[in-house]
Amino acid sequence: MQRIAVLGGGAWGTALAVHLARLGRDVTLWARDGALRSGRALHAAACVVSAIPSHGTRDVIRRARGLLPPEATVVSATKGLEVETLLRVSEVIEDELGSDRPIAVLSGPSFAAELARGAPTAVAVAGNCEATVAAVQREFRSGYFRLYATQDLVGVEIGGAMKNVIAIAAGAVESLGLGDNCPSALITRGLAEISRLASALGGQRETLAGLSGLGDLVLTCTGQLSRNRSVGIELGKGRPLEEILGKMRAVAEGVRTTEAALALGGRHGVELPITAQMADVLAGQKTPRVAVEELMLRRQRSEVEVE
């Protein structure tokens, strides 16, 4: 993987490109349509890292399809769900490129700015092919970047997508000034909610106790650099969603993921109470304070009960 193309010039794509260049890889960062149309970004690439926001992934991968070298590995670094189809991002990529293409997923607690400056970071890399996962581990690792292998694509991607929903809720709770007990309970029950959905889709609950589940959830719910937490904080102050998003330069994936996750839960008969409340808050149908009250007044049950 000496030659690597990174699709997506946002913070995460840029951070990965900086990291890979620091390792001595020949890196091309695509951030404009012109470079993709000409094929320069993908020429002779052994690996293509897709860091496109979830809502733009299908279009970019479709346009890149004819330019990809046949043996190139695709690494998805996007956390989200495709709203129209409810597919995970790796499924979107496979849908466009075919099942024969080696695909891996990179996910875990990793703020772009910290990786870019070489702060110690550990993530999970998932894939159905052990050789592909091992190759990504080998080629992406450094003294400050460590990758743990797993075959649980479902668990890793659902954890990466849904933690953004819970992070919006965590930001709102923080903004309301409800103390420390409330966010701790929210994160814990949020993890239970994520784990239920992942398990229903065929994922492993153990995965959600790891880096791409608990690790990423805690970081995104509490970290100062979390975009989704920031959206929640502003919602807690009473500001409308349109105004909040209008002032943001980066994408807060949790806003789109909320409705998609709720629909996915409905399709598989999985109750997602926090996600459902956040959907109402994002739609302007209730305030964050009312959402908290309704969550607290739900029927009490066993902590290990499958809801």
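Glycine is treated like the rest: Cβ placed from N, Cα and C.
Heads up, TrEMBL stuff is auto-annotated, nobody curated it.
Quick look at what TrEMBL annotates:
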ACT_SITE  K163  active site, proton acceptor
BINDING   G8, G9, G10, A11, W12, G13, A112, R227  NAD(+) binding site
BINDING   K79, R227, N228  substrate binding site
DOMAIN    4-34  domain 'Glycerol-3-phosphate dehydrogenase NAD-dependent N-terminal'
DOMAIN    40-131  domain 'Glycerol-3-phosphate dehydrogenase NAD-dependent N-terminal'
DOMAIN    152-292  domain 'Glycerol-3-phosphate dehydrogenase NAD-dependent C-terminal'
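If you average pLDDT over the domain 'Glycerol-3-phosphate dehydrogenase NAD-dependent C-terminal' (152-292) in this model, you get 96. Of the chain residues outside the substrate site list K79, R227, N228, K163, N164, A167, T220, S226, V251, A252, E253, G254 have their Cβ within 8 Å of the site's Cβ mean position.
The record assigns K79, R227, N228 to the substrate site; their largest pairwise CA distance measures 13 Å.
Within 10 Å of the Cβ of G10 (NAD(+) binding site) there are 15 other Cβ atoms, across all protein chains. Between the C-alpha atoms of G8 (NAD(+) binding site) and K79 (substrate binding site), the distance comes to 13 Å. Comparing CA positions across the binding-site residues G9, W12, A112, the one lying closest to K79 (substrate binding site) turns out to be W12. Using N228 (substrate binding site) as the reference Cα, a 10 A cut-off selects K163 from the recorded positions G9, A11, G13, A112, K163.
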